[in-house]
Amino acid sequence: MVVLRMTSFVKWILILFGLISVIANIVIVCLYSGRLPKCSSKPHHVFKGKHNERSAVFADLSAEEYLQVRDYMSNQKDLDISVNALTKPSGNFLFLIDVLLPRKADALGYLDNNKPKPVREATAVVFYGTLGHIKEYVVGPLPNPIYHRDVTVERYKEELPINARTVTIGEYALISKFINEEVFTKLGKIVKESFDVSKEKTLNYFEGMPRGVKSGERQTWISFFRDLSGMYIHPVGLEVLINHESTNASLWSVKRLLYNGQYFDSVEDLLKQYDDGKVTKIVYKPVQNYASLKLKSKPTGVSPQQFYAQGKRFSVKNNHVMYLEWSFAFGLSSLTGMRVFDVRFKGERIAYEVSVQEAMSVYGSITPGMILTKFLDSSVGIGRFAHELVRGVDCPYAATYIDTFRYIDVSASQRFRNSICLFEHNTGRPLRRHFSDFFSNSYGGMVNSALVLRTITAIGNYDYLWDFIFYQSGSVEAKVHATGYISSSFNVDGNLKYGHQVAENTIGNIHTHFINFKVDLDVLGVENVFQTKDMKFMNVSLPWMPERYAMVPQLVEAQLKTEKEAALRYDTKTPRYLHIASNRTNRWGHQRSYRLQVVSFTGDSLPEMEPEEKSMSWARYKVAITKHKDSEQTSSSLYSQNNMWTPAVDFSKYIEDDENIENQDLVAWVTTGFLHIPHAEDIPNTVTVGNGGGVILRPHNYFDEDPSIHSPDGVYISPGSEGNCENNKMACLAEDACSPVVEPFTYNGFEGTIKFEE
């Protein structure tokens with residue numbers, strides 16, 4: 001009994017001692033942590049060179065410049081222009097103001113040869129409802145414009161019909177009014193019984209595009225969805241075809257309706273057949289909002305964060321960025337989105353321009369709202385929908401955030417706070433490394449730390465992450481990832497041929513994503529050639545044993561001479577190495593070049609027999625090389641979506657003239673993307689993992705060796721030097737420990753959202 005009591009006493013003494021030790025350790029750690037110095041906000045890095053003030057030639061318009069152009073245009077009485085965002089289609093509306101980029105030769109002359117600064121000008125787009133056409137004007141000089149010039153025919157070789165215009169906020173306001181009066185009010189009994197619509201409760205709508213089947217039409221299938229967050233995956237089974245060709249809204253009409261898989265010629269036809277019992281009725285029942293992104297688990301802590309222990313190694317001033325050996329200018333076009341200019345590595349220009357051009361999707365369905373849908377996002381504006389980025393989620397918390405300004409479908413320019421972010425990113429894997437185990441022992445490696453320029457555009461249901469990544473190996477990557485909500489349709493007979501069921505009565509429709517980038521590489525100047533490299537197995541006699549043969553891979557090289565030769569289609573086998581090359585050579589006698597490495601999982605492009613295909617003819621080509629022309633600025637246009645059959649820009653015509661591309665200023669048009677067959681895990685949102693594509697611009701014999709070998713991030717360890725900080729900064733990381741300076745969290749992202757009232 002005494003032994004048992006002693007054992008119990010000892011046990012409790014040990015437990016108490018252990019508890020005291022734990023508490024003491026926690027106190028010590030907390031006290032020590034509190035003494036950690038704050039990380040310096042001032043960079044220890046010494047920048048090479050200075051910011052290039054001349055990069056302002058590529059800068060987006062400022063809020064003041066937008067205002068100056070708007071006021072100048074509205075003061076031209078002969079133009080009779082309204083700047084009211086709710087202007088009706090029958091009026092004349094100043095829809096868009098954007099910077100007009102200078103001619104390339106003028107920009108290079110200014111950047112490189114001290115020639116005069118190009119005149120700063122803007123493009124203004126006016127929808128003339130009174131006259132039935134669209135006009136584009138050049139307005140300048142900026143600041144303080146004094147002239148405007150109609151350049152519509154000069155740019156597009158023809159006048160632009162009014163029905164090629166984007167649907168404006170003013171037109172959407174009238175469409176909503178029309179739906180309420182001509183559909184919901186007249187179908188009051190049906191929409192109440194089927195969808196619980198009332199004065200207090202409505203349905204949301206989503207449009208199919210294009211708006212018709214031939215030029216001149218403006219007839220839109222509108223699909224209805226429950227009025228819930230994430231409405232895109234709550235279809236209800238009602239779709240309506242509206243004819244809104246006329247700029248006079250009083251002449252609009254309902255052409256057809258689809259209710260629960262059955263078509264009707266008019267609202268009256270649906271009402272009569274519904275009352276006569278000839279319709280399979282949809283019976284309303286409440287559903288849980290499976291589309292909600294509200295948290296289903298309580299947050300338990302903070303995810304791993306990155307911070308800058310010795311300050312940021314990049315610097316941004318106005319529209320110019322410096323990072324280690326890199327420098328570039330950047331911008332965000334309302335129509336096409338993110339772009340960079342004058343990209344230099346070690347002081348040498350690698351690319352004049354790398355930019356997003358278009359994002360396109362083609363859908364499959366049995367229901368009309370999706371069956372013909374082909375979205376061309378630049379026609380509504382890719383950059384237009386770049387809202388504020390959420391600190392710590394959309395970008396690392398410690399990133400640098402940049403405001404942008406836009407003027408598109410508004411009455412005054414809008415400021416979008418923190419809509420671009422810039423950060424140096426440790427990818428979590430080495431850029432290069434080797435552990436030597438044979439003959440000698442050593443380790444050499446380098447962290448893959450790269451600079452990322454990012455924006456995210458929420459275009460309707462989809463959110464696209466756009467990244468431009470600058471690596472210390474001299475490579476640049478332009479990359480896109482997709483997330484957000486899938487588009488869906490109501491589950492009717494036959495629809496499972498076009499997708500999977502992902503929720504009750506909900507089909508996730510099969511669709512493609514095609515993304516087009518413009519890559520204007522200038523490799524040691526503007527006189528370049530386009531080369532391809534690949535491999536083939538050759539049956540080779542062994543030199544020391546001539547009677548024996550072996551299949552050995554051999555290098556195959558070619559230089560393509562014309563634009564048609566260099567238009568590499570997705571439906572044919574293309575060489576795996578594609579190069580823009582200079583005629584100058586490196587130390588080893590090889591032409592210095594940059595390789596275009598396309599990362600893509602695209603579906604099939606739309607067959608060329610389809611009349612809409614001309615508006616997206618760029619999607620035929622994995623890579624197409626053309627001779628640079630200032631008149632061939634973009635692969636698509638603002639007007640492609642609503643006039644697909646006679647597009648203002650048909651990219652295939654850039655290739656038709658089949659110009660010589662040897663020793664010329666070359667532009668690569670690169671198409672990437674992925675096929676998306678929606679599945680249950682796309683509910684509520686598609687994830688970015690595996691859903692993306694891009695192009696990597698990689699030096700290929702451009703240097704004499706890997707330039708990252710000169711990076712200060714390198715680590716070298718030999719036996720006996722494991723703790724030596726001179727060649728291994730990681731060995732002394734503990735001595736440099738500091739606590740990060742954390743900016744307060746703010747968010748103003750709901751500023752600048754679309755509103756249908758003053």
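Our numbering is plain: 1 for the first residue shown, then up by one each step along the chain.
Glycine too: its Cβ is placed from the backbone N, Cα and C atoms.
Feature annotation from TrEMBL assigns active site, proton acceptor to Asp377. Taken from TrEMBL, the feature active site, schiff-base intermediate with substrate applies to Tyr462. Annotation source TrEMBL lists domain 'Copper amine oxidase N3-terminal' at 165-261. The domain 'Copper amine oxidase catalytic' feature in TrEMBL is assigned to 305-709. The 2',4',5'-topaquinone annotation in TrEMBL covers Tyr462.
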(request) Round to a whole number and give the Cα-to-Cα distance in Å for the pair Asp377 (active site, proton acceptor) and Tyr462 (active site, schiff-base intermediate with substrate). (result) 10
(request) Using all protein chains in view, find how many other C-beta atoms are within 10 Å of the C-beta of Asp377 (active site, proton acceptor). (result) 25
(request) Using Cβ-Cβ distances, find the residues under 8 Å from Tyr462 (active site, schiff-base intermediate with substrate) that belong to the same chain and are at least 6 apart in sequence, listing them in sequence order. (result) Ser361, Ala482, Thr483, Gly484, Tyr485, Thr686
(request) Please average pLDDT over the domain 'Copper amine oxidase N3-terminal' (165-261) for the predicted structure. (result) 96
(request) Tally the residues of the domain 'Copper amine oxidase N3-terminal' (165-261) by DSSP class, grouping H, G and I as helix, E and B as strand, and everything else as coil. (result) 30 helix, 29 strand, 38 coil
